[in-house]
Amino acid sequence: MLERIKQSETKKLEAYLRSRSDDLSYEVLSKVQLILSDVRQHGDEAIIRYTKAFDGIELTSLRVSDEALNEWAAAADEAFKEAMTKAKDNIIAFHEAQKQNNYLQQQSLGICLGQRVLPLERVGVYVPGGRAQYPSSVLMNVLPAKIAGVKRIVMITPPSKSGQLDPKIAYAAQLAGVDEVYLAGGAQGIAALAYGSETIPRVDKIVGPGNIYVAAAKKLVYGTVDIDMIAGPSEILVIADEGARADYTAADLLSQAEHDPMASAILVTTSSKLADQVCEELKRQSEQLPKQAIIAESLKAYGKLILCETLADCVEVANVIAPEHLELMVADPWALLGLVRNAGSVFLGYYTCESVGDYWGGTNHVLPTNGTARFASALSVDSFVKRSSFLYYSKEAIEAYGSKIVTLAESENLQAHANAVKVRM
Ligand SMILES: NC(=O)c1ccc[n+]([C@@H]2O[C@H](COP(=O)([O-])OP(=O)(O)OC[C@H]3O[C@@H](n4cnc5c(N)ncnc54)[C@H](O)[C@@H]3O)[C@@H](O)[C@H]2O)c1
Ligand SMILES: N[C@H](CO)Cc1c[nH]c[nH+]1
Ligand SMILES: [Zn+2]
């Protein structure tokens with residue numbers, strides 16, 4: 001069920017990495033570029049047209065009114081509401097610790113300098129909604145923005161199959177404190193947030209995960225607006241030792257394969273016995289899952305099984321792949337953690353399945369994909385702030401240090417810079 005690769009078969013590993021990076025191909029990017037340009041030119045009309053084409057829904061209004069939001073949120077199930085409220089507490093507790101402080105350094109002669117941490121004004125949050133509804137992603141995106149102090153949080157999501165907002169998404173938006181909600185998904189939604197339309201406001205930064213079209217659109221609008229990262233189709237890489245249970249391992253691989261035909265699930269292990277058992281389990285468990293068609297496509301295209309000599313080798317393979325999620329299903333996960341350099345988020349031990357982090361634990365589930373964990377980080381409070389520095393020099397300070405500044409300015413032949421100091425001395 002999974003393509004088998006030995007650690008020594010580096011060509012096969014490289015081929016996998018190449019195929020993954022080809023996902024954001026010229027073909028996808030050029031298709032998405034056309035959508036972006038169309039929405040930039042034609043605004044709401046183009047968004048409504050693409051929603052009809054891709055989501056099969058004829059929208060009459062993009063904005064979800066406060067009354068509709070209240071009505072739909074009230075329809076959400078009580079057990080769901082209770083679990084979401086506790087998950088919210090866990091997410092807040094983890095992210096509160098990420099808050100950065102302003103700082104001030106004082107020196108002699110009255111000199112002082114420092115840094116202020118300022119929230120972004122307007123942020124657009126993308127909540128995916130094509131193949132599944134993601135109320136958990138509402139909390140993961142919005143709560144760190146709230147903690148950072150973002151003034152206006154605009155949420156967009158594709159309409160549900162009935163053409164409305166799913167009650168669970170409506171409830172999550174209220175629980176998290178979203179300011180405005182619009183029904184717009186895919187590249188057309190990202191374009192609206194980047195350029196603005198008659199109805200949807202332009203924002204300063206777009207955050208949130210999505211499929212390949214959303215990821216491509218975010219990549220293309222970067223520069224017009226800021227983005228958090230490329231958070232595309234989900235990925236899991238499980239490192240398992242001979243003590244890992246095959247049924248747990250297979251269940252975890254399937255948990256991400258069910259997201260998207262382009263999701264990736266990889267097992268890296270030192271045990272060929274476990275590898276065989278996991279393949280059996282994958283077959284057995286996937287036959288019972290409602291999303292088996294998506295899973296089959298995902299495993300066929302991106303499912304891999306890599307056999308290594310040692311656990312340290314397994315971690316090296318993971319460092320090369322740089323997965324979004326890395327599970328260490330080994331007896332002593334803490335001993336391996338220090339060797340991990342490239343992973344969006346790490347899950348330790350036999351009992352911490354990725355679902356704990358997707359919904360509950362408190363760490364963020366919006367994470368870099370497609371190898372970008374080599375340089376990108378999880379969504380955090382930091383994603384919603386900018387830093388602005390300041391400097392104060394007194395009359396005495398400029399007189400004391402002015403000649404040094406003049407020397408440096410003249411060394412660059414910038415006489416006007418030097419003069420600005422000289423006139424004060
Ligand atoms: N990396 C992360 O942090 C993270 C977190 C949660 C979910 N995810 C991923 O988010 C994705 C959710 O995907 P989804 O599809 O369910 O929802 P989505 O909202 O991301 O995408 C749906 C939209 O895609 C557009 N679309 C669909 N087919 C298209 C086509 N042929 N051409 C142009 N546009 C098209 C449509 O506009 C549709 O509204 C999954 O890949 C999942 O793995 C990632
Ligand atoms: N695994 C996803 C991130 O790749 C997050 C998620 C939300 N709901 C379920 N899973
Ligand atoms: Zn998931």
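Cβ atoms here come from the backbone N, Cα and C positions, even for glycine.
In the record from TrEMBL, residues Gln256, His259, His417 bind Zn(2+); the candidate from Asp166, Asp179, Asp332, Asp358 listed for the same site is Asp358.
Binding site for substrate per TrEMBL: Gln256, His259, His325, Asp358, Glu412, His417, plus Ser234 from the candidate set Ser234, Ser377, Ser380. Only Ser234, of the binding-site residues Tyr126, Asn211, Ser234, Glu412, His417, have a C-alpha within 10 angstroms of the C-alpha of His325 (active site, proton acceptor). Cα of His417 (substrate binding site) to Cα of Glu324 (active site, proton acceptor): a distance of 48 Å. Nearest to Gln256 (substrate binding site) in space, judged by Cα atoms and limited to the recorded positions Tyr126, Asn211, Glu324, is Glu324. Remark: Asp358 (substrate binding site) has Ser136, Ser255, His365 as non-local neighbours, by Cβ distance under 8 Å and separation of at least 6 in sequence. Using Cα positions, the member of the recorded positions Tyr126, Gln188, Asn211, Glu324 nearest to His259 (substrate binding site) is identified as Asn211.
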